[in-house]
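Beneath this line is the structure, given in structure tokens, with notes to follow.
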Amino acid sequence: MSDISIPPYDGMPVISTQRLTKAFGNLVAVNDLNLQVMRGDVFGFLGPNGSGKTTTIRMLLGLIHPTAGRAVLFGMDNAYQLPAILQRIGAIVETPTFYPYLSGLDNLRVIAANSGMVLGRANNRRYEEVLDIVELRQYQQLAYRNYSLGMKQRLGIAAALLADPELVMLDEPTNGLDPAGVIEIRKLIQRLAGLGKTIFLSSHILFEVQQVCNRVAILRKGNLVKQGDVKELLREKEQVEIRMNRAEEAQEALRILQHLKGQEASWIGHIAIEQNALRQPLLLVDAPAARSADINRLLARHELFAAELHPREGSLEAVYLQATAQPNQPGEMPVVEAPYEQKKAADRTTDRTKGVAK
Ligand SMILES: Nc1ncnc2c1ncn2[C@@H]1O[C@H](COP(=O)(O)OP(=O)(O)OP(=O)(O)O)[C@@H](O)[C@H]1O
């Protein structure tokens, strides 16, 4: 996990969807979705291809109408107050169109002019600010066609930041980027989080999401199968890896731990026996890393002594694979963590950002 500082929650959801559903003919692309994104979240929106991520984002932005349910952003229903909501969002859903022969800076000027931003000193300062945030200031005079793919993507984000939005929505921002470009976007997201923005990030790249996001939701076939705090989800996936000297010892350790699991060691989850690269027997115990010493003690009590014992960190990949592998239950209901306490409706209208003159 990164050490970015996330501003404290004030209890107000920036995005809240209630049973949000979209069907295209017979295909239910998004089903009964209850999402909750809090102020200051760097929220990872994960799911395999075709699981409904883009459809959800398009509904949140009012680009398509839901078949059922509703989306409330900043406390406002987007079916009724879309313009007020959109003023507070900077989004990139598809690669933005820029003029290839204009410089990065001139492209921003065109976008500002087209969106009715007052041209003047305030705008000039804002161009500099956003170009600094995306680290393109030194390339601002370069023609867009000479930008790398990563620079183009960052210019798109700069454009989305022009009006100083509170919520930044990025749909697969690292698609097609090389590793250096991916790292640039990661650093950029961390910078935006440091500026207090709420980020909604859809991505396939689990490692990236694990690095930058504090909360995630995982979609599968349009259903929400997991939503929660990244650290907590990772903790659930911690393991203790025990190497025994002999295969028989590993079998005996397995038998003992499985027995104790039903008794004093209820914190033990699934246990598996594998081999490491040297074909030595390994016991993989689903258990909190902090329980390593306890496991050692339990085995020693039965005259079994581990040759090596290591705690293994959880990974979002393990969380994701488990969540997306679950079979579809008839009438599958989304698994939603207990929502944060919603503050009084009055709180919802108090925190408006300044934004560039429009
Ligand atoms: N306009 C549309 N008409 C018909 N079906 C659609 C439409 N838009 C999306 N779909 C279908 O809805 C499902 C969800 O698509 P969506 O693009 O939301 O998934 P996604 O999770 O964003 O996938 P990807 O990661 O590949 O972009 C897919 O089966 C897709 O084919």
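Going from the start of the chain as shown, residues are counted 1 onward.
In case you wondered, yes, glycine gets a Cβ from its N, Cα and C as well.
Any TrEMBL annotation is an automated prediction that lacks curation.
Not measured: the values here are computed from a predicted model.
Feature annotation from TrEMBL assigns domain 'ABC transporter' to 15-246. For the domain 'ABC transporter' (15-246), the predicted model reports an average pLDDT of 91.
What TrEMBL lists as coiled coil is 230-257. Remote same-chain partners of the coiled coil (230-257), defined as residues 6 or more beyond its termini with a Cβ less than 8 Å from a stretch Cβ, comprise 1, 44, 209-210, 213-216, 265, 268, 271, 273, 276, 280-289, 291-292, 295, 298-299, 302, 304, 306-316, 318-319, 322.
Among the features that TrEMBL reports, region 'Disordered' is placed at 326-358.
According to TrEMBL, the feature compositional bias 'Basic and acidic residues' maps to 340-358.
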